[in-house]
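Enquirer: According to Swiss-Prot, the feature topological domain 'Cytoplasmic' maps to 1-11, 478-525. According to Swiss-Prot, the feature transmembrane segment maps to 12-32, 457-477. Per Swiss-Prot, the feature topological domain 'Extracellular' maps to 33-456; the stated evidence is sequence analysis. Look at Swiss-Prot and you will find Asn67, Asn229, Asn324, Asn440 tagged as N-linked glycosylation site. If you look up Swiss-Prot, you'll see Cys268-Cys333, Cys297-Cys352, Cys335-Cys341 marked as disulfide bond, on the strength of similarity to another entry. Positions annotated as region 'Disordered' by Swiss-Prot: 497-525.
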Amino acid sequence: MLLPKELKYAAIAGGVAVFGLIFGWVLFPVILKGQLKKEMALSKKTDVRKMWEQIPFALEFKVYLFNYTNAEEVQKGAKPILKEIGPYHFDEWKEKVEIEDHEEDDTITYKRRDAFYFNPEMSAPGLTGEEIVVIPHIFMLGMALTVHRDKPAMLNMVGKAMNGIFDSPPDIFMRVKALDILFRGIIINCARTEFAPKATCTALKKEGVSGLVLEPNNQFRFSVFGTRNNTIDPHVITVKRGIKNVMDVGQVVAVDGKTEQTIWRDACNEYQGTDGTVFPPFLTENDRIQSFSTDLCRSFKPWYQKKTSYRGIKTNRYIANIGNFSEDPELHCFCPDPDKCPPKGLMDLAPCIKAPMYASMPHFLDSDPALLNNVKGLNPDINQHGIEIDFEPISGTPMVAKQRIQFNLQLLKTEKIDLFKDLSGDIVPLFWIDEGLALNKTFVNMLKHQLFIPKRVVGVLRWWMVSFGSLGADIGIVYHFRDHIMRLAVSGDTKVSKVTPEEDPEQKDISVIGPPAQEPAKINI
């Protein structure tokens with residue numbers, strides 16, 4: 001049976017509307033999700049893999065040093081007065097090297113190489129890196145703190161060794177150029193032949209102290225970041241590629257072939273989260289993302305804070321902090337001693353970096369108030385000192401990230417070393433870093449073209465198809481049944497009767513209903 005032309009048009013229009021419903025609300029989300037699963041996996045064919053291997057633009061690496069303006073008084077036990085100097089801005093280039101794929105368990109192994117280049121134009125006005133800063137002698141205090149913790153009976157010998165290695169220093173401070181302590185290095189004189197300095201330097205060489213480089217003639221060169229600069233990190237990291245299950249992408253499963261650490265207790269030794277450079281897609285506000293920091297030997301679990309936007313893309317902001325190890329059951333296993341945890345907001349890094357330092361938020365943000373009261377000159381501000389990451393939730397792409405950490409040291413108080421007998425024993429700040437990522441315009445546009453433009457086009461198209469398809473179907477149906485509709489409109493419940501003249505020969509007035517009209521009665525006045 002052939003359909004009338006109007007019904008054919010109506011059927012076609014209705015089909016368009018139905019297709020718009022099915023494709024726009026059912027098929028397209030499935031197709032988009034499937035495509036994202038392929039694109040976000042660390043397979044060799046994806047753009048994500050290329051960017052994961054080598055970030056094609058520099059990250060911002062900013063360092064803020066704390067200058068001690070009252071060093072002589074601090075040596076006598078006074079509260080330090082600090083002046084923040086910075087930022088010293090470095091362009092940080094990151095890449096992964098010695099990459100190997102393992103098809104059988106869907107993993108990939110790699111090592112890291114970071115390169116830092118000082119950028120005076122982006123640093124604070126007037127800073128060249130040649131400024132002299134006064135800070136606690138990191139190496140000297142580190143030696144004393146390590147021996148005090150591990151072999152306290154040898155503190156007297158370490159005191160004698162310090163006099164030889166550091167030429168009988170007048171106090172526990174160093175006056176040093178900013179770039180020297182950060183990257184270029186300061187000389188540690190281990191050429192002395194006296195027993196105490198020689199024995200101490202031999203132990204240093206054997207232990208492989210972090211930040212220490214052996215120079216000719218039994219000299220050492222020490223810096224905070226110099227050993228990281230343009231060198232391959234020895235640790236081999238294994239992560240999931242996410243090809244079999246995209247929700248596993250980037251998950252750290254082993255470091256140096258070991259599936260867990262041995263430096264903490266219980267669950268804190270587990271590798272939880274991604275390597276911090278890639279995250280799974282389809283994030284919601286209720287999801288707790290996780291990333292593992294090999295530099296701090298721990299996982300962080302940022303939580304959702306609020307809706308944000310970046311270059312026209314809607315994002316979700318997540319924030320994090322160091323935490324409170326004594327009160328948070330998940331973090332209690334980071335306490336080296338179960339019965340004695342660091343104060344709130346402080347993390348003992350000694351088990352991780354083999355140096356007696358503490359990590360905190362900059363300016364002791366979200367920390368025990370006592371830490372802030374131990375010094376003058378700090379002003380914690382969550383906007384300037386907090387950890388925050390803005391994610392595009394559908395793809396899981398970090399659009400903007402600010403990872404901020406402060407490094408602190410204890411002013412060891414001990415009677416066994418003259419230089420240390422009058423110190424306060426408080427934990428004080430040395431410097432803090434702000435490592436920032438912000439996707440440039442090129443990669444934002446790439447994300448828009450791959451994800452948002454198709455999504456918006458389909459969003460408009462599906463409504464157009466449903467609206468105009470429904471309208472076209474209605475018009476076709478109405479047009480086809482127009483004659484029938486008109487007949488129904490005319491007939492309805494109304495009856496039409498034919499009027500014929502009566503056969504009565506008496507003429508009647510058609511305007512009169514009822515009996516024939518009679519002459520009205522006359523009234524006498």
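We count from 1, first residue shown onward.
Quick reminder: no glycine exception, Cβ is built from N, Cα and C everywhere.
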Enquirer: Could you tally the C-beta atoms, other than its own, that fall within 10 angstroms of the C-beta of Asn324 (N-linked glycosylation site)?
Expert: 18
Enquirer: Based on Cβ atoms within 10 Å, give me the single least packed residue among the glycosylation sites Asn67, Asn229, Asn440.
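Expert: Taking Asn67, Asn229, Asn440 as the glycosylation sites, the minimal 10 Å Cβ count falls on Asn440.
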Enquirer: Out of Asn67, Cys297, Asn324, Cys352, Asn440, give those recorded positions positioned within 10 angstroms of Cys341 (disulfide bond), comparing C-alpha atoms, in sequence order.
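Expert: Asn324, listed in sequence order.
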Enquirer: Using C-alpha atoms only, work out the spacing between Cys297 (disulfide bond) and Cys333 (disulfide bond) and round it to an integer in Å.
Expert: 13
Enquirer: Count the Cβ atoms, other than its own, that fall within 10 Å of the Cβ of Cys333 (disulfide bond), considering every protein chain shown.
Expert: 15
Enquirer: Measuring Cα to Cα, how far is Cys333 (disulfide bond) from Asn324 (N-linked glycosylation site) in Å?
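Expert: Cα to Cα, Cys333 (disulfide bond) and Asn324 (N-linked glycosylation site) are separated by 11 Å.
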Enquirer: Looking at Cβ-Cβ distances, which residues of the chain lie under 8 angstroms from Cys268 (disulfide bond) while being 6 or more apart from it?
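Expert: Gln261, Arg298, Leu331, Cys333, Phe334 - these are the non-local Cβ neighbours of Cys268 (disulfide bond), listed in sequence order.
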Enquirer: Compare the C-alpha of Asn324 (N-linked glycosylation site) with the C-alpha of each of the glycosylation sites Asn67, Asn229, Asn440, and give the closest one.
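Expert: In terms of Cα distance, Asn324 (N-linked glycosylation site) lies closest to Asn67.
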Enquirer: At a 10 Å cut-off from the C-beta of Cys297 (disulfide bond), count the other C-beta atoms across all protein chains.
Expert: 19
Enquirer: Go through Cys335, Cys352, our disulfide-bonded residues, and report the one whose Cβ sees the most other Cβ atoms within 10 Å.
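Expert: By the 10 Å Cβ neighbour count, Cys352 comes out on top.
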